[in-house]
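A short worksheet on the structure shown next.
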Amino acid sequence: MEGGLSSFWGPVTAAEWCEKNYVYSSYIAEFFNTISNVPCILLALIGLINALRQRFEKRFSVLHVSNMILAIGSMLYHATLQHMQQQGDETPMVWEMLLYFYILYSPDWHYRSTMPTFLFLYGVGFAMAHALLRFGIGFKVHYVILCLLCIPRMYKYYIYTEDASAKRLAKLYVATLFLGSICWLADRLFCKEISGWYFNPQGHALWHVLMGFNSYFANTFLMFCRAQQREWDPKVVHFLGFFPYIKIQKPKSQ
């Protein structure tokens, strides 16, 4: 979808989306798809600050940082539309799902030392294979499978959670995922029709924004569930009566 300005990064070598290239700057190929990652970075930073301030387990700090890395990788990909940057977006997506898998399943894993080792080696192996083989549709299928593997455990956490505010976080997670998926599919499948409209709704950019909130709601819900497991008396509180985060009360011995 070429626009009017020259390209600083050279010919496009990565997958394009339904946004005209280099319309606002010769340094940014897909402007809206690039800047729409900023909310994800800010939300992940808020989650990281809360995790550090209340001394949650390091896994949640790493999770929030991985959200930021993923968003930065996506910004570089959409700004340049180069294949290397696309892989720098896609590989952290898989790493992030492996981290979610660990957080969801490790509390009941009988051989706890084996899980992080296996997931680390799996992540390294995928990164090397993706760099050499340049997966296309295979990457998408693989990523969807990883997401599906997390759903049963997420649902189990939901049905065993009695707190109404925590359940609302899980519902917001599902709602943003559903709306974001519609935006992603519309942008991908109906680009020809959308390009003829007077106004492009920028479905892929909306996907980025919604997935930023989706990750925040998922992380906050998982922090609540983990705090319950550790008997830290978690509560969902709201900043300015709107923005949710987790507040815990650890026993003095901890």
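In case you wondered, yes, glycine gets a Cβ from its N, Cα and C as well.
Small disclaimer: the values here were computed from a predicted structure and weren't measured.
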Need the matching range: TrEMBL marks transmembrane segment on one of 61-81, 145-165, and I'd like to know which.
61-81
Out of HIS78, HIS204, HIS208, give me whichever of these binding-site residues has the highest number of other Cβ atoms within 10 Å.
HIS78
Closest of HIS78, HIS204, HIS208 to GLU30 (Ca(2+) binding site), Cα positions, binding-site residues only
HIS78
With CB pairs under 8 Å as the measure, which of the listed stretches 118-137, 172-190, 205-225 comes out on top against the transmembrane segment (31-49)?
205-225
GLU19 (Ca(2+) binding site) has how many other Cβ neighbours within 10 Å of its own Cβ?
24
Could you state the whole-number distance in Å separating the C-alpha atoms of HIS208 (Zn(2+) binding site) and TRP17 (Ca(2+) binding site)?
13
Roughly how many Å lie between the Cα atoms of HIS204 (Zn(2+) binding site) and TRP17 (Ca(2+) binding site), rounded to a whole value?
7
